[in-house]
Each structure stands twice: as structure tokens, then as C-alpha cells.
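**Q** According to Swiss-Prot, the record shows the following:
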type: BINDING; residues: 13-20, 90-94, 152-155; note: GTP binding site
type: BINDING; residues: Ser20; note: Mg(2+) binding site
type: DOMAIN; residues: 4-229; note: domain 'tr-type G'
type: REGION; residues: 13-20; note: region 'G1'
type: REGION; residues: 69-73; note: region 'G2'
type: REGION; residues: 90-93; note: region 'G3'
type: REGION; residues: 152-155; note: region 'G4'
Amino acid sequence: MAEKPHMNLVVIGHVDHGKSTLVGHLLYRLGYIEEKKLKELEEQAKSRGKESFKFAWILDKMKEERERGITIDLTFMKFETKKYVFTIIDAPGHRDFVKNMITGASQADAAILVVSARKGEFEAGMSTEGQTREHLLLARTMGIEQIIVAVNKMDAPDVNYDQKRYEFVVSVLKKFMKGLGYQVDKIPFIPVSAWKGDNLIERSPNMPWYNGPTLVEALDQLQPPAKPVDKPLRIPVQNVYSIPGAGTVPVGRVETGVLRVGDKVVFMPPGVVGEVRSIEMHYQQLQQAEPGDNIGFAVRGVSKSDIKRGDVAGHLDKPPTVAEEFEARIFVIWHPSAITVGYTPVIHVHTASVSSRIIEIKAKLDPKTGQVVEQNPQFLKAGDAAIVRFKPVKPLVVEKFSEIPQLGRFAMRDMNRTVGIGIVTDVKPAKVDIKAK
């Protein structure tokens, strides 16, 4: 039996639109949660007056259980369909969700966007403050080409499986997504009830007017991601554990290249070198790991305090690039006034987040064509596109988008909001001493 290809899935959408309920119910329907466990959770939810949250509780309980032991990242959120093995990155519902959404999205092969069809809720998600808009923008920046849209809460009394409301929601989303450059004709918009289960796995008798795929069918229609095995090895570190018997175990997703047991790897920016003793994915030992694999790998010669989230592992002959400065094409999404030289947002790139100062605004661009419309403008405001130079305040690994896109796209955050998005066009490398032992 050939092994099923692996896909990383991120679930996005506005708060309370049903992300956790959708994932919890899907896992239950696919047989990943025992009836007994569900009953137990239902009782707990009822006793706290939160009966409608029972499926969401599945995720929260799993998260708590996960946080009690060292389960190497997100093992519980794994499920299989006929065609794929899916890992759900970052179960939704985080206070810090956008930050996680950025690092999570940078590792995702596809996304499910959950959108409530309810009047008021849908509109809130699409408002300028809305996370439906923000998450779609971020998914686009982070290079997620494949999206499935779940139009949720079709069972709500004020929606009542109404085809017209579904069509209205879809038309608004299509217009917005088209503006972001998505090929909307290739995107499934599935009317679902995460709570009742309509169109998750079986076709819903409540919506005979819909003849597209169910959620699970749409998941199986996704295209497998291309594996950039020929590029230099890059593994952005998500977490670092110290595990008895194994030693220091960084966890992350292989973005490019191949990691093998016995390889010497260097972690940048710190420049520490270690030897790979073992590689593990979903509790299974591997001899090698390829792009898309979420792994833990034990390294000899590196202590837990040497490395942290945001560092990047690579091979010694082609180490990850630490930027003294970098040039980028950015698009300003939101800012209360104007962005000038000296502005210092937090740059979220792969798993790193580092404040970086704008040291030059080289040119303002036409956002649609990319043509230069003004050299050395004094300031930038919302809606502007530009070429700027950044200087990271602390050491930071970035790569040219044209060479390693996974490490070359970023979001700019400030005041708890996404201020802009960008791609790295050039890097002035910093000198780093590699501390080979």
C-alpha cells in the first residue's frame, strides 16, 4: 500500500464563525473521537451552560491534554481521508491567533476558510476590522494558493438553509478574493452546518439546491504540494524541547531540501552546529525528512538554550542567510497615519518575529502593475505599495522570495494589527561566526 501524501491544513476565519466546531465535528465524524469521550465532553459543556460548544470543546480538551505532556506539535490534529493524511496546523481559537496564523499559514499547503452566513456575523468578518478579510490577506501573502470556503451556520434560524443568503455571501467573498488574485472559479464554496454536520461528509438533504462537493470531497480534490527537495535545506524552528534520552529536540517543518540522520546542521542566526541523531514524525522514526514534513529531530552538540523559535536549520555548505539588511516589496494594509523612514514594525517571517526598522523608502509602486510611480517618497499610507529597505533590530534569517519563497514572505504587525505584507527582493548578509564543534 503506497503511503498517502501528507498535507498541512490551516483553518482560518473570524472569531466565533465556527472554526473549532467544524474541526471537532469533522474529527468526530471521521471516527477520531470515541462516543464515550464525546458524551463526557457534552456533559461537561452542558454543566457549564455551553452545550453548543461540545465539538469546540473536543479541540480545547485535546489542546489541554497536549500541553500537559510533551507531544511533539499537533499530533492529535491528524486525520486521514481517502487520498491524504492531513495535519491541522494550529487548532484555532488562540488569543494570539493572527501571530500563529502567520507562522502557521507559512507552513500550510491549503486552508479552510470558515465564514458564518448569519446576518451581522458575516458582515462583521468582512468589515475593515474583520478577521475574514485579514486572514484571507495573510493566507495570500503566505503563498496559500488552495482554499476551501465553508459557508457555515446554514442551520441557524435566521439563515434556515436559504440559497439566496448563501449566494449573497459567496458573491461578496468572490469579489474580495478575486481582488487578492485568487482564481475564484476553482475554489469550492460549501454551505455547511458545523454544528449539525450538514455537507461535512454526507450530502445534506436540507440543501438540495447545492450540488458541489462535501467538505471531505473537497479536501480530496486538493492538489498535492510540490516538494522542493533540490533546494538548500531550511527548517524554521517552531519549538525546542529537551527530552530525556534524546537530548535537544528542535521541532519544525522542513520547508526545502532533505534532512537525513547523521547530517551536520547549523542553526542560524546563532551559528551553532549539531549532528542529527534521529528524526521523528507523528511518533514514527524516519531516516530522512522532506519538504512538508513536520518533524522533531534530536541534535548532538547543541543545548536547548542555544536555539529558539525563529532560528533556521540548514546544512553547513549552504547555511541559512542572516540579514544585516533586506530589501522588500511591501503593501500597506492599514496604518492610522503615515509610515516614514524610522518606522519599526514587527516582521513575522516563517516562525520568527523580529522588529525591523525601515531605513529607506526607495520607491512607491502602482499596486496593480508594480510600476514605479514615485522615487523616494516621504511617506506611505494604507493602500500604498512600495520598495523599502529594512534593518532587523536583532539577527534574523530571511531569504530572497525568488530563491526560497517560504522564507521570503512576511507580514508587518504593529498595535496588534497587520500593517502590511511583503516579499523579500534582496538580502545584504550579516557576518556570522559558525561555531563548529
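Placed from the backbone N, Cα and C atoms, the Cβ positions cover glycine too.
Can you tell me where each of these features sits in the structure?
**A** A simple way to gauge crowding: the CB of Lys19 (GTP binding site) has 25 other CB atoms within 10 angstroms, across all the protein chains here.
Note on Ser20 (Mg(2+) binding site): other Cβ atoms within 10 Å of its Cβ, all shown chains, come to 23.
Residue counts for the region 'G4' (152-155) by DSSP state, with H, G and I taken as helix and E and B as strand, are 0 helix, 1 strand, 3 coil.
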**Q** What's the CA to CA span in angstrom from Ser20 (Mg(2+) binding site) over to Met154 (GTP binding site)?
**A** 16
**Q** Specify the count of other C-beta atoms within 10 Å of the C-beta of Asp16 (GTP binding site).
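**A** Excluding its own Cβ, Asp16 (GTP binding site) sees 17 Cβ atoms within 10 Å.
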**Q** Pick the one among the binding-site residues Gly13, Met154 whose Cβ has the fewest other Cβ atoms within 10 Å in this structure.
**A** Gly13
**Q** For the region 'G2' (69-73), provide the mean pLDDT of the predicted model.
**A** 34
